[in-house]
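To keep things clear, I will list the structure first and then write my remarks on it.
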Amino acid sequence: MAIINLPVPTNSSSEVNKHNHLRSCLPSGRATFTTLSAAAMRSATMAAANVREQSGQKQQLINRRSGNYEAPLWEFDYIQSLKNEYAGDIYVSRANELKEQVKMMLDEEDMKLLDCMELVDGLERLGLAYHFEGRINRLLSSDYKAIHEGNHQRNKEDLYAAALEFRIFRQNGFNVPQDIFNDFITEDGEFDESLSEDTMGLLSLYEASFLSLEGEATLDLAREFTTKHLNNYLGKENTDQNLRILVYHALELPLRWRAPRIEARWYIDAYERSPNVNPTLLELAKIDFNIVQAIHQQDLKHVSWWWKNIRIAEKLTFIRDRIVENFFWAIGAVFEPQYGSCRRMLTKVFALITMIDDIYDVYGTLEELELFTDAVDRWDVKAIDQLPDYMRVGYLGFFNSINEMAYDALKEQGVHIVEYLRKVWADLCKAYLQEAKWYYAGYTPTVEEYLENAWVSMSVPVMLMHAYAGVTNPMNKEAMDVLDTHDIVRCSSYLLRFADDLGTSPGEMKRGDVPKLVQCYMKEAGCSEEESREHVWFLLRETWKKMNKDSEWAESPFSKTFVTAAKNFGRVALVMYQYGDGHGLHSNPEAKDRILASLFSPVPPA
């Protein structure tokens with residue numbers, strides 16, 4: 001049965017024209033918080049007045065909403081009981097031996113171009129490239145130079161090789177034009193139909209097409225052409241089973257959109273089934289994955305202790321108690337062993353975001369939310385006195401945790417970041433408050449209003465300000481001054497927003513949440529839900545084209561590690577929301593299985 005979760009149009013130019021007005025709604029510039037229309041504001045004000053009147057009557061109970069969230073799947077005692085033999089020296093020693101063998105492969109002289117591309121591709125997909133970044137860059141630089149000097153000849157008849165070369169170079173920051181695919185296009189401007197029998201070539205071109213930039217029509221055409229024929233391949237009988245699995249996986253989500261750590265676990269199994277498996281790479285991939293998993297488990301134990309001791313979930317029983325899922329976001333963003341302190345900090349940040357989100361979305365009255373927003377904006381512990389009792393535990397736990405993170409940065413780098421953190425957290429709460437006002441007013445925002453607020457309410461500026469502090473040494477004022485409104489942050493926010501809205505919108509609307517982008521566009525365009533979802537997928541693809549501008553990000557004040565983390569947040573969002581809400585609900589078995597494989601289940605030895 002063919003699978004295609006990503007709606008693909010039949011005509012690239014007509015698609016762009018059809019969606020142009022929606023794409024123009026993607027705002028740019030500093031965050032602003034839109035005001036309601038006069039009528040909507042009057043309605044919201046009346047709603048707030050009603051709440052205030054009710055709160056003044058001590059005997060009157062407030063009718064609060066409920067998210068009906070289940071208890072956590074992984075309890076504190078289970079997490080603390082985790083033991084992992086791969087933390088021992090014997091496995092680290094064996095991994096070091098294997099890494100030396102891989103270095104010899106990378107240093108081999110006169111390696112054929114295709115062999116080089118396949119080796120680098122294997123290392124990247126198996127999650128091993130971080131060990132060999134310097135060697136990989138030198139190897140690709142040498143090959144790139146040789147191509148331009150005419151010492152490497154491209155095979156103009158091998159679609160698989162051409163597309164693999166294009167993808168590996170582009171995803172490593174080298175400028176390769178889409179024109180290299182002109183040799184596979186007929187005089188009428190279409191890809192040669194004879195290529196439809198070359199399934200490996202189609203798969204390679206399909207993956208390459210998702211590294212497209214804005215305006216690259218050839219790659220848009222390649223995506224449509226390959227998607228059509230790969231789906232046809234799945235509809236055939238008696239096909240190669242291993243290739244069939246690879247095609248199915250790619251059509252489910254392209255490699256460019258997959259979180260590297262989660263993809264590595266899947267690809268280890270796929271690679272083991274390959275007839276061209278390299279035993280050294282396979283053994284190293286298995287051992288390294290398990291060693292890193294052992295490190296991640298220690299990080300998880302640490303944040304689990306913090307979450308239990310802060311007692312927020314115990315006191316605020318209406319929130320999502322999801323410390324493992326929060327940690328999964330962190331390893332999806334930065335999995336490398338050396339970033340343990342960043343993962344721990346990000347997990348705490350995600351847990352606090354989840355708490356605050358549930359206060360605004362589910363439990364708080366409009367008056368209470370205005371008080372909480374003011375307290376965060378003032379960043380004053382004395383503001384706790386104005387809050388209702390249930391908010392005080394959450395506010396103080398939040399306030400102390402963020403100040404402690406700022407203190408760590410001051411202690412370790414001598415950089416005072418509390419004002420930067422205060423601003424992004426205050427902006428987040430203001431965006432949440434805007435959504436609450438829309439809800440109480442019964443107001444459906446325009447697409448432009450929604451997106452201008454939603455890229456902030458998705459909390460990515462908060463995540464990435466903390467991530468910057470976690471992966472950058474030394475931090476610099478230039479980067480922090482522009483971070484919360486930089487294009488890389490806005491694009492990352494949109495990727496999360498689109499994935500979140502596509503995955504959780506039905507459940508949240510049932511609960512009584514503010515309309516999401518799908519509903520906003522349905523109302524504005526007068527279209528069906530299916531058509532609206534297709535629009536959102538289009539926006540997601542267009543945003544990835546902006547994210548693919550690696551040469552531009554290289555000129556930014558941010559490190560490659562930070563830019564990768566920004567992309568990875570968008571990738572993890574697709575993992576978490578691909579089959580529904582994998583963060584808040586337990587009804588998404590695929591997300592649960594991915595968490596189990598990444599965090600709790602070692603890869604079986606060869």
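Every residue, even glycine, has its Cβ placed from backbone N, Cα and C.
Long-range neighbours of Asp357 ((2E)-geranyl diphosphate binding site) (same chain, six or more residues apart, CB within less than 8 Å of its CB): Tyr432, Ser459. In this structure, Asp357 ((2E)-geranyl diphosphate binding site) is part of a helix by DSSP. According to Swiss-Prot, the feature (2E)-geranyl diphosphate binding site maps to Arg320, Asp357, Asp361, Arg497, Asp500, an assignment based on similarity to another entry.
Within 10 Å of the C-beta of Asp361 ((2E)-geranyl diphosphate binding site) there are 21 other C-beta atoms, taking all protein chains into account. For Asp357, Asp361, the entry in Swiss-Prot reads Mg(2+) 2 binding site.
According to Swiss-Prot, the Mg(2+) 1 binding site annotation covers Asp357, Asp361, on the basis of similarity to another entry.
Look at Swiss-Prot and you will find Asp500, Thr504, Glu508 tagged as Mg(2+) 3 binding site, backed by similarity to another entry. In the three-state DSSP classification, Asp500 ((2E)-geranyl diphosphate binding site) falls within a helix. Same-chain residues at least 6 positions away in sequence with a Cβ under 8 Å from that of Asp500 ((2E)-geranyl diphosphate binding site) are, in sequence order, Met458, Ala573, Tyr577.
Across the motif 'DDXXD motif' (357-361), the model assigns an average pLDDT of 95. If you look up Swiss-Prot, you'll see 357-361 marked as motif 'DDXXD motif', on the strength of a curator's inference.
As annotated by Swiss-Prot, transit peptide applies to 1-38, with the evidence given as sequence analysis.
The maximum pairwise C-alpha distance among Arg320, Asp357, Asp361, Arg497, Asp500, the residues recorded as binding (2E)-geranyl diphosphate, is 19 Å. Within the set of binding-site residues (Arg320, Arg497), the lowest number of other Cβ atoms found within 10 Å of a Cβ is recorded at Arg320. Residue density at Thr504 (Mg(2+) 3 binding site): 21 other Cβ atoms are found within 10 A of its Cβ, drawing on all protein chains shown.
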